[in-house]
Structures are given as structure tokens and as C-alpha cells.
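Colleague: My questions all concern the structure below.
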Amino acid sequence: MTTPVSFHPQAFIELALSRGVLKFGEFTLKSGRVSPYFFNAGLLNDGEALSLLAQGYADKLTQCENVDVIFGPAYKGIPFVAATAVALSQVHNKSVPWGFNRKEAKDHGEGGVLVGAAVEGKKVWIIDDVITAGTAIREVVTILKNAGATIAGVLVALDRQERGQGELSAIQEVQKELEIPVHALITMKDLMDYLEAKGEKEALANMQAYREKYGI
């Protein structure tokens with residue numbers, strides 16, 4: 001078996017571009033802002049792409065403290081957390097329990113909304129793709145706390161590094177409100193560095209203008 005290479009932001013950006021996960025252009029977001037790029041982690045839908053993403057999460061988690069359980073919010077976070085658990089085991093020789101939540105509670109079988117590793121009394125890291133408004137993360141944090149977990153932190157694939165409704169970004173708001181660290185595999189700055197290195201002047205200028213208007 002070939003040992004996976006360590007995660008590198010540029011390699012991930014190139015893979016994201018090749019899969020259509022990341023696009024540069026003009027995109028209207030739900031917020032109404034016209035963004036010069038769009039990121040859709042749902043298109044990381046093959047083994048190579050998912051493996052590279054999971055390697056990034058796993059590498060980052062080995063630098064974090066208090067990793068008792070890793071948790072993927074339904075639905076998109078479920079394959080991410082499962083693949084990350086595999087990467088932690090195969091690459092870092094760390095067997096970390098993992099779990100996820102259902103959108104709707106079951107009243108038979110396992111029951112409830114939580115599936116997988118027990119979280120009561122555990123320090124839990126949440127793994128997701130992005131934090132846009134922070135609503136979904138807050139909901140998951142509430143579910144986990146109600147189950148007796150301590151939230152150790154959140155890992156996301158992309159930090160857009162842009163303000164929400166106020167002066168803080170959605171990630172900064174979550175960090176301040178919930179008093180937990182939030183780490184990202186790549187940031188808007190990484191995207192801009194990539195464009196600069198590739199000589200993509202028009203796309204870079206659009207990113208710079210957007211960051212001046214909405215950046216943190």
C-alpha cells in the first residue's frame with residue numbers, strides 16, 4: 001500500500017479546481033454578495049479527492065489537543081469524518097472514535113439523533129466543509145453539549161475570511177461566542193497566493209477587490 005503524502009494547500013487547490021469543487025468567476029451567494037469564487041465540497045465525490053481532504057483533516061488533528069472523538073454533522077460531514085478516522089489510523093497510527101448525527105431522531109434501533117462513538121464526557125472535534133453563517137455548527141454544538149460532550153474545536157476545509165453581518169467573520173463569531181478554536185485547511189489568502197503564483201492577474205484582481213470590500 002502506498003503511503004499517502006502530507007496535505008499541501010496548493011495540491012488541494014489544484015485538485016479542487018480539476019473537480020469543479022473550486023471555481024473562479026462571478027457567483028451570487030445566498031447572502032446576495034457577488035463572489036469571485038465558489039467552493040462546493042460536495043463535489044469531492046471520488047476516492048482520490050476524499051482521501052486528500054481527509055489527509056488534511058488528519059494532519060491538522062495531530063497538531064490539536066483533546067481529540068477524544070471526531071464528529072461529522074449530517075449530511076456532508078459524515079463521509080468527511082469517516083475518511084478522516086481512516087487517515088488517522090493508516091497514516092498517523094491513531095485510532096480515534098468517530099460519530100455523526102441524524103437530521104431526524106429514530107425511535108427504534110439505536111434511537112436518538114447521535115450515531116457512532118459515545119460522546120458523553122468526551123472532548124469532541126467537529127469536522128465540516130465551511131462555516132458560512134454558523135447556524136449549522138451552533139445546532140450541532142447544542143446537540144453534542146446536550147449529550148454531555150465538551151466541544152474541543154472545529155475543523156473546516158475553507159475559511160473565506162470575510163465579514164458576516166458585523167465586523168467579524170462567521171468563523172470569528174463562532175470562536176468568540178462558543179469559546180472554541182476553529183481551524184481551516186485552506187483560506188482565501190491561500191487562494192490568492194495560488195493565483196499570484198500562477199500569474200492569473202484578472203482572477204487575483206477580482207479576489208483582491210472582494211477582500212477589500214468584505215475581508216477581515
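Including glycine, each Cβ sits where the backbone N, Cα and C put it.
Since this is a predicted model, take the numbers as computed values, not measurements.
Straight out of Swiss-Prot:
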{"type": "BINDING", "residues": "K30, 75-76, 102-103, K106, H108, 128-136", "note": "5-phospho-alpha-D-ribose 1-diphosphate binding site"}
{"type": "BINDING", "residues": "F38, F39, T132, R160", "note": "orotate binding site"}
Colleague: Among the binding-site residues listed here (K103, D129, I131, A133, T135), which has the Cα closest to the Cα of R160 (orotate binding site)?
Modeller: I131
Colleague: If you count Cβ atoms within 10 Å of each one, which of the binding-site residues K30, K76, K103, R160 comes out on top?
Modeller: R160
Colleague: Can you tell me the CA-to-CA distance separating T135 (5-phospho-alpha-D-ribose 1-diphosphate binding site) and F39 (orotate binding site), as a whole number of Å?
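Modeller: Cα to Cα, T135 (5-phospho-alpha-D-ribose 1-diphosphate binding site) and F39 (orotate binding site) are separated by 18 Å.
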Colleague: Could you check the binding-site residues I131, A133 and say which one's CB has the fewest neighbouring CB atoms inside 10 Å?
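Modeller: The binding-site residues I131, A133 were compared, and A133 has the fewest Cβ atoms within 10 Å.
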Colleague: In whole Å, could you give the widest CA to CA gap in the orotate site formed by F38, F39, T132, R160?
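Modeller: Comparing all Cα pairs, the maximum is 12 Å.
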Colleague: Determine, from DSSP, whether T135 (5-phospho-alpha-D-ribose 1-diphosphate binding site) sits in helix, strand or coil.
Modeller: helix
Colleague: Starting from the Cβ of T135 (5-phospho-alpha-D-ribose 1-diphosphate binding site), draw a 10 Å sphere and report how many other Cβ atoms land inside it.
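Modeller: Total other Cβ atoms inside 10 Å, all chains included: 10.
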Colleague: Fewest neighbouring Cβ atoms within 10 Å: which of the binding-site residues F38, F39?
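Modeller: Ranked by other Cβ atoms within 10 Å, the binding-site residues F38, F39 bottom out at F38.
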